[in-house]
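For reference, the structure discussed in these notes is given below.
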There are 2 protein chains.
Amino acid sequence: MSQTTPLPRQAAPSGRRELPEAPFLAAARGERPARTPVWFMRQAGRSLPEYRALREGVPMLDACFDPEMLAEITLQPVRRHGVDAAILFSDIVVPLKAAGVDIDIVPGTGPVAAAPVRDLAAVKALPELEPEQVSKVADGIRLLVERLGETPLIGFAGAPFTLASYLIEGGPSRNHEHTKALMHSEPELWHQLAGRLADVALTFLRAQLDAGVDAVQLFDSWAGALSERDYREFVLPHSAKVLAGVADHGVPRIHFGVGTGELLAAMRDAGADVVGVDWRIPLDEAVRRLGHSGRAPEKIAVQGNLDPALLHASWPVLEAEVRRIVEEGKAADGHVFNLGHGVLPGVDPDVLTRVVGLVHEL
Amino acid sequence: MSQTTPLPRQAAPSGRRELPEAPFLAAARGERPARTPVWFMRQAGRSLPEYRALREGVPMLDACFDPEMLAEITLQPVRRHGVDAAILFSDIVVPLKAAGVDIDIVPGTGPVAAAPVRDLAAVKALPELEPEQVSKVADGIRLLVERLGETPLIGFAGAPFTLASYLIEGGPSRNHEHTKALMHSEPELWHQLAGRLADVALTFLRAQLDAGVDAVQLFDSWAGALSERDYREFVLPHSAKVLAGVADHGVPRIHFGVGTGELLAAMRDAGADVVGVDWRIPLDEAVRRLGHSGRAPEKIAVQGNLDPALLHASWPVLEAEVRRIVEEGKAADGHVFNLGHGVLPGVDPDVLTRVVGLVHEL
């Protein structure tokens, strides 16, 4: 499917299940379902006591490769909150780990790579991902498709820039200085690395799609650290390769990064059907900016954009924010309610449940 | 001086020295001096070996209250790089510490407050700052004015929102969730706290001005975490109080935060004469946005906006970036070349010196 063809109403290649009544899928296609669908980034995880109980003593990456555990963790927020979509419990570094990269998730720090990737030898040494290496994730997805009923399942992968930053910096970075320096000073090496990481992300997403996910989200967590000029030159082609590479599956492709107000049209140009927006700009302004993308005649679908910090505010404040966002979301052809970034660890899960109820009422 | 009156060409109340030839002051007034002035945020500090030698074994806050040491640290980058302005070596929490708040700078973490400020009792217990409590800083400034010759000295303070975030969260925070929750849920308490912190910042800046600084910069490091709506409602009035409170000194007032592309006009509306811009948008686009402020007929001066990460790139890359930025800065009436955020610790100081030389040539 080319980037300029709208998604078919019910694409179901390779025996994919059809969920014609799912509000999430309708909104992601740029339609207006009977109710506004809602899910939360990081809904599966540390905000839930049942998650913390299940994960007790189990390292993060072990949980991500245990089909029963990843299925159960993915299901927990669906059961508890009644959200309109499940998001696969996984981590951005899962496909790298699966391919054999020496990387681990250090509690309190994040992903840490044993050896930073900063030269041609290191780039060439990066292994490719084979679909069999993520077979446990696929097994978990098959369990989920059986157990989720009519609730769609969103698969996900980290985008090339964000993966590259972890590998080049060797871990989480506030300033991405080595990544940006390499990108600008050695553009050929950069494009080779980002191209390989695009292949990894694509293989991971295709494995998820083959196992049955109903939509995909490409997370470019750190893209907001770049100017639009740099994003278009160094990042967009590689994210576009990933998004184009899953187009034949005919499922909605969501693309999100934090602080990307300047990049929204570029992220849509990369091939996103739904663009995630953080809380820094209102959704109606986001829709205006998305209209400047080269895909302007197509329907515009957005996802967002409640500030997750406001889940700590009083209910009247939160209610007013949710109402405002649902109202502003009407500027889009389709609106999937979500946070502007992931659920924070300290949040009261009952507040999330209440937000779901309110969004469904409006 | 009201916000709508342009700065006089040579304001010199209270015996302030006049520096009619200083390119930095001319550019900050919205003029075009013979050469583009340049300085770097965090130029005084950890990027310099002579700084690390001097600070050896001396805690950060001790250095900030030692007149000889703060003067020497402030002078080091002026001597080494030939920058067009000195920036007072200090820290955002210095006036809080001076007033008696139990706060310290923990190496590797940042400012940590012994007791988070989250209720009325804690807000009421916050001490006021008396000018005598920062007399050591004033002593250092007097030494600097003697030693700097024709190079202007920029004083600085943290803005109320950023100070509040440290106090409410108890330390550095990625998400500012308690700050945002308090702001929205208890707006009266928020405004009381922010008002008190505005008084602290104002007293600190006035003490610096009385001692002889030639310009001031109000740092609202974290303001970019807010939407424009929230910034205008909760933050702008307090930053405006600080900036208006120093207007009678007739020196340029710079205002800066990271990731504030959406807030530039609002920050100008707060009373800034010069608005700092990070690297996410080009300076000519920043000038366009600043034109939407309520102070549109006045001259527009900007400061910025080289990505500090690119100081790690190869010289040809860096040279091209510097040339582009100087070119884009011509859209403003006045342009002070700077980074889009502070100097990173690992940078080669010779690269900074070379950037100064290049900016001066162009």
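A Cβ is built for glycine as well, from the same backbone N, Cα and C atoms used for every other residue.
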Substrate site partner of A:Arg42, A:Gln43, A:Ala44, A:Gly45, A:Arg46, A:Asp91, A:Tyr166, A:Ser221 (as recorded in TrEMBL), chosen from A:His335, A:His341: A:His341
Among A:Arg42, A:Gln43, A:Ala44, A:Gly45, A:Arg46, A:Asp91, A:Tyr166, A:Ser221, A:His341, the record's substrate binders - longest CA distance, Å: 23
Tally of DSSP helical, extended and coil residues in the domain 'Uroporphyrinogen decarboxylase (URO-D)' (A:37-46): 0 helix, 1 strand, 9 coil
Non-local residues, at least 6 beyond the ends, that sit with Cβ under 8 Å of the domain 'Uroporphyrinogen decarboxylase (URO-D)' (A:37-46): 22-24, 26-27, 52, 73-74, 76-77, 81, 83-89, 154, 256, 276, 336-339, 341-343, 345, 352, 355-356, 359-360
Greatest C-beta neighbour count within 10 angstroms, which of the binding-site residues A:Arg42, A:Arg46, A:His341: A:His341
Euclidean distance between Cα atoms of A:Asp91 (site 'Transition state stabilizer') and A:Ala44 (substrate binding site), Å: 11
Rounded Cα-Cα span from A:Asp91 (site 'Transition state stabilizer') to A:Arg46 (substrate binding site), Å: 13
